[in-house]
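What Swiss-Prot annotates here:
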type	residues	note
TOPO_DOM	1-23	topological domain 'Extracellular'
CARBOHYD	Asn3	N-linked glycosylation site
TRANSMEM	24-48	transmembrane segment
TOPO_DOM	49-55	topological domain 'Cytoplasmic'
TRANSMEM	56-77	transmembrane segment
TOPO_DOM	78-98	topological domain 'Extracellular'
DISULFID	Cys95-Cys187	disulfide bond
TRANSMEM	99-118	transmembrane segment
TOPO_DOM	119-137	topological domain 'Cytoplasmic'
TRANSMEM	138-156	transmembrane segment
TOPO_DOM	157-194	topological domain 'Extracellular'
TRANSMEM	195-217	transmembrane segment
TOPO_DOM	218-234	topological domain 'Cytoplasmic'
TRANSMEM	235-258	transmembrane segment
TOPO_DOM	259-270	topological domain 'Extracellular'
TRANSMEM	271-290	transmembrane segment
TOPO_DOM	291-310	topological domain 'Cytoplasmic'
Amino acid sequence: MNNQTFITQFLLLGLPIPEEHQHLFYALFLVMYLTTILGNLLIIVLVQLDSQLHTPMYLFLSNLSFSDLCFSSVTMPKLLQNMRSQDTSIPYGGCLAQTYFFMVFGDMESFLLVAMAYDRYVAICFPLHYTSIMSPKLCTCLVLLLWMLTTSHAMMHTLLAARLSFCENNVVLNFFCDLFVLLKLACSDTYINELMIFIMSTLLIIIPFFLIVMSYARIISSILKVPSTQGICKVFSTCGSHLSVVSLFYGTIIGLYLCPAGNNSTVKEMVMAMMYTVVTPMLNPFIYSLRNRDMKRALIRVICSMKITL
């Protein structure tokens, strides 16, 4: 038998930042995190307050903003805390909780991007039937179903990880408890964990990405049948924001998991993890607000109504 130690805590390696630059990066990450919180909260509030945004697209967008807000909050507070103190430990239960919520909100973003792509497909290819196909009841049920799927999927992987045994090495080579890193630390058999990750990754990453590509292929095909400058402009104005977010989200995932790793794979994994846990959630509100007339008009209406009330 191997000598096994009951692990009560893990040590997060953190980001490879020189000591003299810690304060600078702490301030940078704090500003990025606060920007993420405020930007996504603004979208959620606007969608709730402005009746003209009570549409399927903005239902999905508000849930995406909530998911982004929580996704960043899973890792950033602990990272900021560790940068201000010498104690980088995280309790065993806290590590599993971080892994669970990281998967919940990461999966939810992937699902919501598919739902938003389908919404754009119906709006452009079947405009006369849009309200009947994308009914409020259907969209609400779809969002609830997606939350149930993501929480169940995350719970399955978390429970499988909880059954693993860990030996003396408890240093997590990342700034948060990533499931892949935890499996490398386990000294018990991880075959079931790896098998389920492979199966579920196919279902939750590859298939959603394929569905998004298919939706936009149908949109492009529909536009090409009746080519016009107005039609092309409509597609870009309607889908540009969503395509930008899809590119950011899946671009980082492809860069992290599909590109070959070099000698500095740990640093690369941390950088890519920062991209999709911090940078992408921060940029999403700017992408949707700067390229979306409805959001700009809604913001003006809400501000004007507040002035009238005051």
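Cβ atoms are placed via backbone N, Cα and C, with glycine included.
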Task = Go through 24-48, 56-77, 195-217 and flag the stretch with the largest number of C-beta pairs under 8 Å relative to the transmembrane segment (271-290).
result = 24-48
Ask   = Any chance the transmembrane segment (138-156) and the transmembrane segment (56-77) are in contact, meaning at least three CB pairs closer than 8 A with a sequence separation of 6+?
value = yes
Other CB atoms within 10 A, centred on Cys187 (disulfide bond) = 15
Ask   = Hey, which bits of the same chain come close to the topological domain 'Cytoplasmic' (291-310), Cβ under 8 Å, at least six residues off its ends?
value = 42-43, 45-47, 49-50, 52-53, 58, 237, 240-241, 244
Query = Can you name the far-off residues of the same chain, 6+ from the ends of the topological domain 'Cytoplasmic' (49-55), with a Cβ under 8 Å from a Cβ of it?
reply = 136, 294-295, 297-298, 301-302
Key: pLDDT averaged over the residues of the topological domain 'Cytoplasmic' (291-310)   = 79
Inquiry  = Going by DSSP assignments with H, G and I as helix and E and B as strand, what are the residue counts for the topological domain 'Cytoplasmic' (119-137)?
reply    = 16 helix, 0 strand, 3 coil
